[in-house]
Protein chains: 2
Amino acid sequence: MTEVTVKRLSAADADFDATLDRLLAWEDSVDHQVNESVRHILQAVRTRGDAALLEFTSKFDQVDAASVAELEISAERLQQALDKIPADQREALEKAAERIRSYHERQNAGSWQYEEDDGTVLGQKVTALDRAGLYVPGGKAAYPSSVLMNAIPAKVAGVGEVVMVVPTPGGTVNELVLAAACIAGVDRVFTLGGAQAVAALAYGTETVPPVDKIVGPGNIFVATAKREVFGTVGIDMIAGPSEILVICDGQTDPDWIAMDLFSQAEHDEQAQSILVSPDGDFLDKVETSIRKLLPTLERAEIIAKSVSDRAALIQVEDLAEAAKVSNRIAPEHLELSVADPEALLPSIRHAGAIFMGRYTAEALGDYCAGPNHVLPTSGTARFSSPLGVYDFQKRSSIIGFSAEGADRMGRVASVLARGEGLTAHARSAEYRVKS
Amino acid sequence: MTEVTVKRLSAADADFDATLDRLLAWEDSVDHQVNESVRHILQAVRTRGDAALLEFTSKFDQVDAASVAELEISAERLQQALDKIPADQREALEKAAERIRSYHERQNAGSWQYEEDDGTVLGQKVTALDRAGLYVPGGKAAYPSSVLMNAIPAKVAGVGEVVMVVPTPGGTVNELVLAAACIAGVDRVFTLGGAQAVAALAYGTETVPPVDKIVGPGNIFVATAKREVFGTVGIDMIAGPSEILVICDGQTDPDWIAMDLFSQAEHDEQAQSILVSPDGDFLDKVETSIRKLLPTLERAEIIAKSVSDRAALIQVEDLAEAAKVSNRIAPEHLELSVADPEALLPSIRHAGAIFMGRYTAEALGDYCAGPNHVLPTSGTARFSSPLGVYDFQKRSSIIGFSAEGADRMGRVASVLARGEGLTAHARSAEYRVKS
């Protein structure tokens, strides 16, 4: 029997704020040995290229190759993987990909410009990145859905080339991951992993082309390497543990809610599942469901630890207070399991993704709703967004002054530049002023 | 007489790529003593709040106050500053602000959603940050234009409260900066600076409210502090030295081009100015203009060092090759000083801002064109964008499944979740599938 404890909090308690702060805190300590090791690997790949890549891949993944070219997986091999996976899985992946593509196409931003009366033109030119790198973890955390969620927005954005890296420890290849890469239209795949794969993507080697941005999840070595190469290339967010917050009015089947909480808790022991409801009896029922359903789950050990350490059932006065608690947490996933989610939506200010109504299980969003499952964690939804097409595009300002516009605005710039003591700026503007 | 050397390169040279790489490299070494000092300051402000802020402000800025409240500048004081600056400066600031506001309003993104045949709703909800922090340097690098460029996009985005910090070493207040804050509609101003000001904005103190994102330029202490608090709050890019690349067909007045290069070089000794032209005679003429005009400039010493160390005049075969060189550099500022800039524009892939035609001096963009002057430096225009309204907004995905949609998609999610070994995900989805 798996032991589990379930914390109960009330927003009315005097120490609620402090208790909630403690609950939300998680261990994110910097490991100096990891830092040193990652810096060494980055430096080696940067200076010695393919040779260093081969050494690290032999050492860490037990894969020996004569050249990095041998570690590239051909388009034919990807197609083969797609052809040989079970039909229901292929169909599900293709359906998911279609929905992800369709949603993300609506994020595509266009360039724009406008002309002023004097003929001056201002605008914003949107261009895709030339090349993006996608890190996909190997081993047990190899998720084909992540391949779709990371690669499809890049392709929709118009990225010229998407280069994927995925480690194959001991030579073990995940066919579903390769099939997903095929469906998503990934252009090149290398069986590389760890900090050395991040280095190869950031700096390029004789065989691996350098990319402009690296996205995708990874372990502490990968995350540390991404942090280090940031600036040389763009990166997506460094993710913390996954979290869900469910606001329920007490009218959803408590088994459903318990399972929704579990679907987050099963990710890992640091994952966080929080239920907020004005209905104390309902919180009791969900706790009963938790205890009843937990033993039936494959990943019961992980879930029991995650629930015991990091979950909470929180009683609030009403749904308005529930929204306040949610805004304070700024959850990655937010389920509004209530009769009228539309009525509650305007009071929600911060959340990575919002799941509306009792039928919208968070798990649907993880796979095939369409929106991205790469979402801001640890309260960063206060200032950041789901991964999207916008992460693979950048803007350039367009400024085109007519002679008349340069005359008028040159005078303004001149005054301001002289006010700041930047006289070369002033004189550059003044050359365009009619005397 | 100020000594200056002007490098000449040709894209046809065998070692051009390597020479260009060396030219673009700049010293960005990490200073461990700065890191240690910044960590100490952050920790002190985080744990001791106002008391630590007062100590550091006394120590670093020689400003002694009895409370942090004393360091807040009132709205009345900002208005006073606006009222007392010279009329031409006020007018120029107001004109610039109006144009910046008007351009950035076009960046405002709207929420959207769409409904599928079975009643499932998908969308994206855009919300502004609750609170943004704006760092403004004090002393000689106090630029009122930066206040406008950082604060106005935040206000246009709908940020609830914009909190500005600006150090006043020795008690010296810059009236133009306060006037610009008044015009931009900054909500609160504290005379704080350095890593301690960044800490106050990131963590909040008894008096300074915590913000969700910190933007604005600063010295090495400020930049290091921003890097450290990233994750707790959002930050804008950490900027490298400012740069300009001018592509000229040889038909612009060489004095104009020389002055445009100077307007970048006068920022600091590490600033970079590059001219690219297919016309070798024109490069000679610009070099002559550089030598002629340099002695007439207030900041000649800085410019001479910047030009000698980091500038180059590069000869290319034609404008197409000029565009290629420019794309490789991905410059912060790009002037297309050519007869038909529109014809060249499609071949430009990476640049922070593009200045079209001979009349569009880069300096106009620094002050009053409308687009932002906070731009990606050091080649990061390959993957990042000018500061904009989008930096002060974030998106939440909206997913609302109808019963029918949850039934159909629950089946897909179930197959994929089981393929990934995540059975709680599968069962959560399956609850919503009609039996």
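Just so it is clear, glycine is given a Cβ too, placed from its N, Cα and C backbone atoms.
What TrEMBL records for B:Tyr135, B:Gln196, B:Asn219 is NAD(+) binding site. Reduced to three states, the DSSP call for B:Gln196 (NAD(+) binding site) is helix.
In sequence order, B:Ser145, B:Ser263, B:His373 constitute the residues six or more apart from B:Asp366 (substrate binding site) in its chain with CB-CB distances below 8 Å. If you look up TrEMBL, you'll see B:Ser242, B:Gln264, B:His267, B:His333, B:Asp366, B:Glu420, B:His425 marked as substrate binding site.
Taken from TrEMBL, the feature Zn(2+) binding site covers B:Gln264, B:His267, B:Asp366, B:His425. For B:His267 (substrate binding site), the same-chain residues that are 6 or more apart in sequence and have a Cβ closer than 8 Å to its Cβ are B:Pro241, B:Ser242, B:Ile302, B:Ser306. Annotation note: B:His267 (substrate binding site) sits in a coil segment as assigned by DSSP.
According to TrEMBL, the active site, proton acceptor annotation covers B:Glu332 (among others). In three-state terms derived from DSSP, B:Glu332 (active site, proton acceptor) belongs to neither a helical nor a strand segment and is classed as coil.
Within 10 Å of the C-beta atom of B:His333 (substrate binding site) sit 28 other C-beta atoms, taking all shown protein chains into account. TrEMBL lists B:His333 (among others) with the feature active site, proton acceptor.
Less than 8 angstroms from a Cβ of chain A: among the recorded positions B:Tyr135, B:Ser242, B:Glu332, B:His333, B:Glu420, that describes B:Glu420.
Remark: of the binding-site residues B:Tyr135, B:Gln196, B:Glu420, the most isolated position is B:Glu420 (fewest other Cβ atoms within 10 Å of its Cβ). Of all Cβ atoms in the shown protein chains, 29 besides its own fall within 10 Å of the Cβ of B:Glu332 (active site, proton acceptor). Taking the binding-site residues B:Asn219, B:Gln264 in turn and counting surrounding C-beta atoms within 10 angstroms, the largest count is reached at B:Gln264. Annotation for B:His425 (substrate binding site): spatial neighbours B:Ala413, B:Ala417, criterion Cβ-Cβ under 8 Å with sequence separation of six or more. Taken over all pairs of the listed substrate-binding residues (B:Ser242, B:Gln264, B:His267, B:His333, B:Asp366, B:Glu420, B:His425), the Cα spread reaches a maximum of 55 Å, rounded to the nearest whole number. Listed in sequence order, the residues B:Pro137, B:Val165, B:Pro167, B:Gly193, B:Gly194, B:Ala195, B:Ala197, B:Val198, B:Gly218, B:Phe221, B:Val222, B:Ala225 complete the 8 Å Cβ shell around the NAD(+) site centroid, once B:Tyr135, B:Gln196, B:Asn219 themselves are left out.
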